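Swiss-Prot annotations:
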type: BINDING; residues: 248, 277, 306, 342, 362, 363, 364, 403, 404, 405, 406, 442, 469; note: substrate binding site
type: BINDING; residues: 446, 510; note: Zn(2+) binding site
type: BINDING; residues: 590, 593, 598; note: [4Fe-4S] cluster binding site
């Protein structure tokens, strides 16, 4: 049973491990053009450079922060009350929505009236759902096409810039060498962006609210922001912005409780999950999702067909448009920000999977394929796509058009079924855009490295640059237990080529349901892949953190090395396995090479010698080699000598 009977809403509490601030970090807020636009960032404090290395100040580094109020010591966290509705005033001020009398989905009303769910229900929601007024469209894409810069767009522009300009100014003011230091720390290798317009020599130096608006209006980016999820902090998914990552959570029929899923969500966002998908497939899906949404500062995605299938006791052939429609409305009124909908699985494509090694591996894809075959007709998702668009624009739910025919092995990569579905997704994108509904496209899957760029290029062409959202791809099939690595390789590559969001893979992929440790491992692996892609594309400011960590490493500022990394806890743990004493945190060596063979220590010795003798580093190195050559000859010119 997936909702553990021991979970009682009255006893629910936050996971303490997810609340503590990260080491040497504090939450800061950057205010926009109005007081309630307060954009969170994580400020990482650095130690001064030791006197022997120049004794300069190292100002704080600012990094993108997805953890919401959870890592803010000033915030009062009560998961029974949920997070503050920070976007509520913006939504109401637009004057194009209305509060409903109550839930309008039949299933939602049934759950609310069912005494069996009373102890599981989220107790802290004291507002009714909102919906667009008749004839209105409340999507961020609709506003963007009208030329309107929303507070969400301004928020995103501030967030994407990560206070880079302020950091460089603080370097300039840090001392006599400030200008030189700013030039060094702001230096970045030119990227290869494969046509992404924001990058390159003539690209943007900072993201502006107007640029955000233009990209959303064009369909190259989406802002997943359901009007019934006002707790969410606005973010953007598009190839001209930082590469984002998604974390999957969710219960199953055999494991996990509501409390555990909320804990997984708070844990995932602590380590950098930009969005979270609730893929619950067991009982009490409705209640689990409510708890997650009300406590999530990041967009929440779902696959509505999973819950619809539960409503017909797991029999795909019994699914109907009416049941699915009610499920969409139920979830939209809870606040789901994006729906994965497998509308591209058409009857004509199903036979194309017959010769595959691994057939149809997508759960949603297999459900719809089975329905198509049972009824020998087109999927109701495809036939009712415009009806779905009407629902999406009434709540501002974004499409994540599902790749139900994605390859489940590298053997099946880039086959006719996969690419046929991709073309259909491109056609559906144009229909959604007619309704000003935001769209991203889901992608594979299992793809060897040499075929990855073809996937990206075809998606850009056929889907008119709508954001691509890929699961990996996994580049080989030989490593169960290590698929976070097999997929991380492909994720870094496809992120570089243009994918806007990467869906994480944990070590448990293909093996079991991930626990909290697996979630963290998947998140860190994919943050690494996304950052590598940002560097390769030449995203403005992407290299600042790398430069800061490299400088800390060269100056033996161990604590700063740990704290500037993606996982300070793991870095500190590995260091302390061999050098646990506090004195080792200031030592000019590590356990790899020891005190006499540290390359960075030797380099610093050369620089000290050069300064003492009044010569350049190169001259000092040459002089030192000459001195050592004389010593070698005087000692007998033997490579191995007795001590």
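Glycine residues also receive a Cβ, built from the backbone N, Cα and C atoms like all the rest.
Structural mapping of features recorded in Swiss-Prot.
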residue : record                 : Cβ within 10 Å
248     : substrate binding site : 23
306     : substrate binding site : 20
362     : substrate binding site : 23
364     : substrate binding site : 23
404     : substrate binding site : 32
406     : substrate binding site : 26
446     : Zn(2+) binding site    : 26
469     : substrate binding site : 26
510     : Zn(2+) binding site    : 13
Provide the three-state secondary structure of residue 248 (substrate binding site) computed with DSSP.
strand
Reported as an integer number of Å, what is the Cα distance between residue 362 (substrate binding site) and residue 510 (Zn(2+) binding site)?
12
Whole-number Å distance between the CA of residue 406 (substrate binding site) and the CA of residue 510 (Zn(2+) binding site)?
15
Provide the three-state secondary structure of residue 469 (substrate binding site) computed with DSSP.
strand
For residue 446 (Zn(2+) binding site), just give me the three-state DSSP call.
strand
